[in-house]
Amino acid sequence: MEEVPQECPGTGSAQAGRGASCQGCPNQRLCASGAGAAPDPAIEEIKEKMKTVKHKILVLSGKGGVGKSTLSAHLAHGLAEDENTQVALLDIDICGPSVPKIMGLEGEQVHQSGSGWSPVYVEDNLGVMSVGFLLSSPDDAVIWRGPRKNGMIKQFLRDVDWGEVDYLIVDTPPGTSDEHLSVVQYLSAANIDGVVIVTTPQEVSLQDVRKEINFCHKVKLPLIGVVENMSSFVCPRCKKESQIFPPTTGGAEAMCQDLQIPLLGRVPLDPQIGVRAFCHRHPSHEEEQRSTS
Amino acid sequence: MPALCGGPRSQTTPRLPWTCSPRPISGRGACWVPVPTAPVPPAPGNLSGVRHILLVLSGKGGVGKSTLCAQLALALRHEGKKVGVLDVDLCGPSVPRMLGAQGSAVHQCDSGWVPVYMDQEQSVALMSVGFLLEKPDEALVWRGPKKNALIQQFVSDVAWGELDFLVVDTPPGTSDEHLSVVEALRSHQPLGALLVTTPQAVAVGDVRRELTFCRKTGLRVVGVVENMSGFACPHCSECTNVFSTGGGEELARHAGVPFLGSVPLDPQLARSLEEGGDFMRDFPGSPAYPALAAIARKILDAAQAPGPG
């Protein structure tokens, strides 16, 4: 039975492999060689690349299906309404890339140039990148474990030729795992401006979202605020309001008050968002765009 | 950034008697993979008493996988079956709250870990990382290898006992958790996978990829369920297709797999899930009940039919 040191300094620490508590640890030689402490050279390369990107915003949620990709797309389009604002939308949901479909860009392919991969432009001032553009069929599954996904994210940040960009919006998968750690790690030298958290009103979502907020605190990501999506539903026939996802614990408003985080806005359930690839000029989304800019 | 190894007293280490065994990953240095301190004696197999294993999958998040797992467990229990629910969504474990078991603790016995029972009759047994966290808001910030190790333990070290069904709830995607749980369960010949989608194209697009995952890993698809299929206004009864319509049935037809049914949006179901209530017992008149009961019967039929798994 292997013994673990009671006071393991951590593989990234200066004391890794060298502390008194490391004696007899099976990994001592590996840690002492500096393998755990050496930073990935890509971090500096990405820092250089990101010098042309003024603002970087992550869209996160602990919970799936709350509308991260929908909000990311609307935010990107809203910011790009000003022709002089250059916007980039990066989709790092490797297993479930929704952004191409939502942006009406399915079937588009990525091209390589001398300066790297070219994003797919939906407007002159709005470029998009997603693993969805690298798959040849809608049935293709990306069945990758963490390290391969991390490699893809590194390439997206380092090898895509974004050019001069005012806003980079990063759409993420749900959770607090490889993709999230990687994007934070790779952008660590490039400064992330902030995070927009998306939730729906019910506690089943909020309990996951609180974990995501804790993740943000742990990795020192500034929080711009929370958007509550699918807040209510207005019947198109009788115009009466129903709450399909009841906020049994007070919804995002109560959580935001509790955690002292701004509530950026509430977006109602709108069947048009499900039917059409992109719902332009929704008033609630414009509210978020003003808050986030 | 968080260090690769948080150390034995790290905030992200669950409160289990674990020690760490080094397994370097990808040339990035050591990655501590947790193993139990007390070696678990080789039992005949903690899954040997489980008759049917059903995985609930979806490429897409938020379509109702955990909801389906919980309601299926309740429906099967009301049919007199003994059911287990294994929640391998480590980042967002919803099962404890949905089945009213939040705050319960996991204990150890000679054969491994004792699942959390919903009731005194022990008709529904649960295991989730949600039971292992010090605080409910604690984020499990783990990369793949640590998640894989825990999933393997959930499969081999939980003393499920005699069960008619083990329903496995998964996170969205086709990644570490899915590969690990399919590999760990392979020798136990699962009944198959139930795929959950919502009607709109964005969801169906991800579920198509999940179907490919099932094909590539040799996992039989028992059927497709379309959730959040329409909303009947409680004021005027007008039915609105909030998330579009028809995608699930079309997907099943395209893939050549059975379509098991459409479950409408039902605020009473949403409320039951929030409160950890027994929707299948308490609300037989609610819009979602008939579809859920029918899906459970189809699962029972599939389990009784001769064939693989």
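Glycine too: its Cβ is placed from the backbone N, Cα and C atoms.
Annotation source TrEMBL lists ATP binding site at B:GLY59, B:LYS60, B:GLY61, B:GLY62, B:VAL63, B:GLY64, B:LYS65, B:SER66. All protein chains considered, the CB of B:VAL63 (ATP binding site) has 28 other CB atoms within 10 Å.
When other Cβ atoms within 10 Å of the Cβ of B:CYS233 ([4Fe-4S] cluster binding site) are tallied across all protein chains shown, the result is 19. B:CYS233 ([4Fe-4S] cluster binding site) carries neither a helix nor a strand DSSP state and counts as coil. As annotated by TrEMBL, [4Fe-4S] cluster binding site applies to B:CYS233, B:CYS236.
Counting in whole angstrom, B:LYS60 (ATP binding site) lies 26 from B:CYS233 ([4Fe-4S] cluster binding site) by their C-alpha atoms.
Secondary structure at B:SER66 (ATP binding site), as computed by DSSP, is helix. B:GLY62 (ATP binding site) counts 27 other C-beta atoms within 10 Å of its own C-beta, drawing on all protein chains shown.
B:GLY64 (ATP binding site) has a Cβ environment of 25 other Cβ atoms inside 10 Å. In this structure, the CA atom of B:LYS65 (ATP binding site) is 24 Å away from the CA atom of B:CYS233 ([4Fe-4S] cluster binding site).
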